[in-house]
Amino acid sequence: MSADAGAFPSDDWGVDPPDTDGVRAQDGAMFTNESGRPNTQPQPEANRPGATETDPAERDRVVDAVRAGCLVVVVAGHWLMAAIGTEATGTGAYRVQLANMLELRPWTQWLTWVLQVMPLFFIVGGFANAVSWTRTVNRGGRWADWVANRMRRLLAPAIGLLAVWLVVVAVAQPFLDPRLVHGGHRLVTKPLWFLGVYLVITAMTPLLVRLQTRLGIWAVVPWAVAAVAVDVLRFNDHDTALASLNFVFVWAALTQVGMSWDRLVANRDRWWMLAGGGYLALGLLVGIGPYGLSMVGVGGKVSNMAPPSIALLALGCAQLGLILAAWDRLRSVLAQERYWTPVMRIGAGGMTLYLWHLTAMAIGVCLVALAASLGIAQPTPGSALWWATRPLWFGVLAVVLSPILRRAAPVEVRSLLAPQSTGTPLWAAVLGVTAGAAAIAYLVIEGLQPVGPAVVPVLVLAALVRWLSPPNDAEPAIDRADRSA
């Protein structure tokens with residue numbers, strides 16, 4: 001499931017779907033105590049550090065704000081690193097040239113130490129999944145139902161994207177330059193890798209919670225050691241098949257860190273240890289070790305992202321330290337509804353925004369190509385003028401994306417508010433996770449060409465969503481507040 005940089009920016013920035021079960025104060029507080037192990041009794045609502053005066057029992061607003069902020073960074077990172085230029089054809093028109101800014105201007109690779117937010121997504125996702133699973137267990141719920149509901153909500157928004165692009169590829173293939181068609185469908189299918197990885201890690205939540213129960217904050221160590229071992233073997237013989245194990249080990253390690261969220265927040269005055277230690281480790285890995293500077297894939301080099309390396313664990317710890325440093329200020333700001341409302345709105349349509357923002361960029365490239373054919377040139381990528389025109393580029397893409405979101409977002413909203421599945425057989429949940437991950441892996445590796453074979457995994461995903469959906473007349477299994485984004 002490689003996602004190294006090519007003509008377009010890598011999709012390695014990632015995004016986490018909103019935690020539709022909610023991050024409730026009493027559930028989060030019961031998860032870890034001072035030792036890093038779960039409390040057996042919920043903490044009083046007023047004592048939960050993430051709660052606010054306006055909703056003391058319902059949300060850890062900082063967690064939601066981190067996810068929403070990371071989502072904005074994801075979109076900005078992709079749009080910013082698209083180095084789209086033009087060259088003269090000698091006929092008065094121009095030809096579009098596509099490149100990756102990380103390759104074109106290597107100094108921009110330093111920006112990935114800030115813009116690569118995937119580690120933070122898995123950290124906050126680990127906390128959210130642990131809270132949701134703990135609450136499910138306390139209610140007498142089952143893993144099969146829990147994972148089926150989360151799988152359905154994760155996959156449902158992707159079906160529309162894939163259906164649209166199957167039609168686009170089928171219609172455009174006979175008429176357009178094959179390279180343009182190939183670049184378009186590869187651009188929009190690459191980000192799907194996150195769905196497959198997150199689906200597997202989510203299914204592992206009971207195991208991760210059990211490790212957290214027994215080992216506390218030290219539960220991250222086994223995953224980290226395994227990731228280091230894979231890296232050592234990988235850098236010695238470049239065995240990419242073996243390195244793929246780190247799709248589990250590295251992301252599980254970061255997810256495990258998130259399950260110590262309460263303890264880390266309680267000791268946030270030591271944020272500098274986490275941030276300093278993380279960046280020091282990252283600096284040593286890059287400066288002395290064999291790890292590359294870029295925290296996303298750059299063509300021709302061993303990627304820190306696809307498959308992920310231990311460098312991302314160091315980066316995630318460093319970023320978490322910075323979040324803890326700003327935690328009190330963030331909590332104060334988010335207590336104000338004018339700041340909290342945008343966070344909720346972004347979170348509610350998070351997966352839709354993630355899946356469709358590259359489609360908007362593909363349309364933007366087509367607009368640039370149209371302008372180039374009319375004799376309108378683009379600034380040289382990386383030049384002062386090019387950087388100065390990035391706000392205009394962002395504005396155009398935002399205008400393109402807005403109507404897409406209005407049409408696509410209701411699909412995600414309906415999946416969030418749908419009744420909960422019950423009575424899911426264990427074999428069905430296991431089969432669903434396996435088939436879903438396999439179908440996504442195929443689409444990430446092969447894309448949507450040729451169209452015929454690509455229809456099969458898309459139909460598999462659509463069938464899974466339908467199969468895991470409860471009857472239309474089913475009653476909601478939990479209160480709507482628990483499913484709010």
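Numbering starts at 1 and runs along the chain as it is shown here.
Positions of Cβ are set from backbone N, Cα and C atoms, glycine also.
Residues annotated as region 'Disordered' in TrEMBL: 1-59. Taken from TrEMBL, the feature compositional bias 'Polar residues' applies to 32-44. Under the heading domain 'Acyltransferase 3', TrEMBL lists 63-400. Per TrEMBL, transmembrane segment is recorded for 68-90, 110-133, 154-172, 192-209, 216-235, 241-259, 271-293, 305-327, 348-372, 384-405, 426-445, 451-468.
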Looking at the stretches 68-90, 110-133, 192-209, 305-327, which one shares the most CB pairs under 8 Å with the transmembrane segment (216-235)? 305-327
Stretch contact, the transmembrane segment (241-259) with the transmembrane segment (271-293), Cβ-Cβ under 8 Å, 3+ pairs: no
Determine whether the transmembrane segment (192-209) and the transmembrane segment (68-90) share at least three Cβ pairs under 8 Å, counting only pairs 6 or more apart in sequence. no
At a C-beta cut-off of under 8 Å, are there same-chain residues at least 6 beyond the transmembrane segment (68-90) that contact it? List them, or none. 5, 8-11, 13-16, 96-102, 104-105, 108, 115-117, 120-121, 342-343, 346-347, 350, 353-354, 357-358, 361, 365, 368, 372, 377-382, 386, 390, 393-394, 397
With pairs restricted to those 6 or more apart in sequence, evaluate whether the transmembrane segment (305-327) and the transmembrane segment (110-133) have 3+ C-beta pairs under 8 Å. yes
Model confidence over the domain 'Acyltransferase 3' (63-400) (mean pLDDT, whole number): 92
Going along the chain, which residues at least six beyond the ends of the transmembrane segment (348-372) come within the CB cut-off of under 8 Å? 8, 11, 15-18, 67-68, 71, 74-75, 78-79, 82, 84, 86, 93-96, 98, 154, 157-158, 161, 164-165, 184, 187-188, 190-192, 194, 378, 393, 396-398, 400-401, 404-405, 408-409, 411-413, 416, 485
